Amino acid sequence: MACARPLISVYSEKGESSGKNVTLPAVFKAPIRPDIVNFVHTNLRKNNRQPYAVSELAGHQTSAESWGTGRAVARIPRVRGGGTHRSGQGAFGNMCRGGRMFAPTKTWRRWHRRVNTTQKRYAICSALAASALPALVMSKGHCVEEVPELPLVVEDKVESYKKTKEAVQLLKKLKAWNDIKKVYASQRMRAGKGKMRNRRRIQRRGPCIIYNEDNGIIKAFRNIPGITLLNVSKLNILKLAPGGHVGRFCIWTESAFRKLDELYGTWRKAASLKSNYNLPMHKMMNTDLSRILKSPEIQRALRAPRKKIHRRVLKKNPLKNLRIMLKLNPYAKTMRRNTILRQARNHKLRVKKLEAAAAALAAKSEKIVPEKGAGDKKPAVGKKGKKPVDAKKLKKPAGKKVVTKKPAEKKPTTEEKKSAA
């Protein structure tokens, strides 16, 4: 299948190229805006709604009055009387059985929406441009794999068809009948209450036939399921983009296809059949951004890239980070080394003192002579059977005498002083 070309071939009723070519209208190059199409479709579809409302008397066709407080029941109005289940039941409220609904619907709701004319035309232009792209048409679910060309244009002789069998034969010759078979396969019963409201069966959408003059073409195609017929002068966004999604499969007659430039104009000429209307333009004529940025015109205007790298300095604590301290104060390394040596030297002196004290204590214990014989020698113990103190636990040198505290003298009381006197 061929893609969009500047010249479009016109196909005959036999499904072959007739040899005639038509220039591609400018509307098929318009910007495709799915957001605008969806917005316009949503608002225009609201204009087909029928106003509805509930009765103003619904839920209030009874006499009920609140019982007030003091009865340990809710203060909702209750039906009067007795002798029936209804008496004493709640009424009027939206939470009550048989009561009115919350905010009863009114017929004066704002049902319709106004859409700008230019915006509606923009949506139609986008839908037409999308119908010429095979990828978008296939993404919508249309079976156009065997269709010879998009957009598909046929001769004006088709507009004079009056029999459905002629229309079916044309669709089969154009390889568009697969899309109709898809519609037949999709026919099914509607889910929900629409079955009760004369909307029992649903089906998918098929091709959209766009013609210029009705010489019987409507009668020929209207009985084929899924087919939509549109006059080129009365294009409808609800038909060109069902559901608000672009990509409808369209089949054009030659005269309708040629009329598009007069209806929507080109970028050099305004539309002749519409007053003061210009075709919307692209914001970017070339969407290849990398090609634009690498073009010599833009590269000449750009300055050379800055290759110097500026790194943020991370502030570190020199009291915890030796490398940063040495960077600030190189003498800190010498001070640190001297401190370590001094601590090692002091440790050696402390160990020597403890060893000397232990040796002196051992010599003193050997000089003590026991009263009994040498055989009855007992191990030297401290006072009250305590173990001898280790040399390491001694805090004072052995040369000094241990000062013992004298017991404090008891002072005489005042009574003792009086008796003594």
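Easy rule for this one: first residue shown is 1, then count along the chain.
Cβ coordinates are placed from backbone N, Cα and C, and glycine is handled just like the others.
Listed features, source Swiss-Prot:
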type     : residues : note
MOD_RES  : Ala2     : N-acetylalanine
MOD_RES  : Lys14    : N6-acetyllysine
MOD_RES  : Arg97    : omega-N-methylarginine
MOD_RES  : Lys106   : N6-acetyllysine
CROSSLNK : Lys239   : SUMO2 cross-link
MOD_RES  : Lys259   : N6-acetyllysine
MOD_RES  : Thr266   : phosphothreonine
CROSSLNK : Lys327   : SUMO2 cross-link
MOD_RES  : Lys333   : N6-acetyllysine
MOD_RES  : Lys353   : N6-acetyllysine
CROSSLNK : Lys364   : SUMO1 cross-link
MOD_RES  : Lys364   : N6-acetyllysine
COMPBIAS : 393-404  : compositional bias 'Basic residues'
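Location within the structure of each feature annotated in Swiss-Prot.
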| residue | record | DSSP class |
| --- | --- | --- |
| Lys14 | N6-acetyllysine | coil |
| Arg97 | omega-N-methylarginine | coil |
| Lys106 | N6-acetyllysine | coil |
| Lys239 | SUMO2 cross-link | helix |
| Lys259 | N6-acetyllysine | coil |
| Thr266 | phosphothreonine | coil |
| Lys327 | SUMO2 cross-link | helix |
| Lys333 | N6-acetyllysine | helix |
| Lys353 | N6-acetyllysine | helix |
| Lys364 | SUMO1 cross-link | helix |
Please identify, among the recorded positions Lys14, Lys106, Lys239, Lys353, the one with the smallest Cα-Cα distance to Lys364 (SUMO1 cross-link). Lys353
The residue listed as 'phosphothreonine' to Lys259 (N6-acetyllysine), Cα to Cα, whole Å, comes out at 12
What is the Cβ neighbour count of Lys353 (N6-acetyllysine) at a 10 Å cut-off, with all protein chains included? 12
In whole Å, how far does the CA atom of the residue listed as 'omega-N-methylarginine' lie from that of Lys106 (N6-acetyllysine)? 22
Distance from Lys259 (N6-acetyllysine) back to Lys239 (SUMO2 cross-link), taken between C-alpha atoms, in Å: 19
In sequence order, which residues at least six apart in the same chain have a CB under 8 Å from the CB of Lys14 (N6-acetyllysine)? Lys173
Counting all other Cβ atoms within 10 Å across every protein chain shown, which of the recorded positions Arg97, Lys106, Lys239, Lys327 scores highest? Lys239
Which ones in the same chain are close to Lys333 (N6-acetyllysine), with CB under 8 Å and 6+ residues apart in sequence? Leu326
Which of these recorded positions is closest to Lys106 (N6-acetyllysine) if you go by CA atoms: Lys259, Lys327, Lys353? Lys259
Work out how many Å separate Lys353 (N6-acetyllysine) and Lys259 (N6-acetyllysine) at their Cα atoms, rounded off. 118
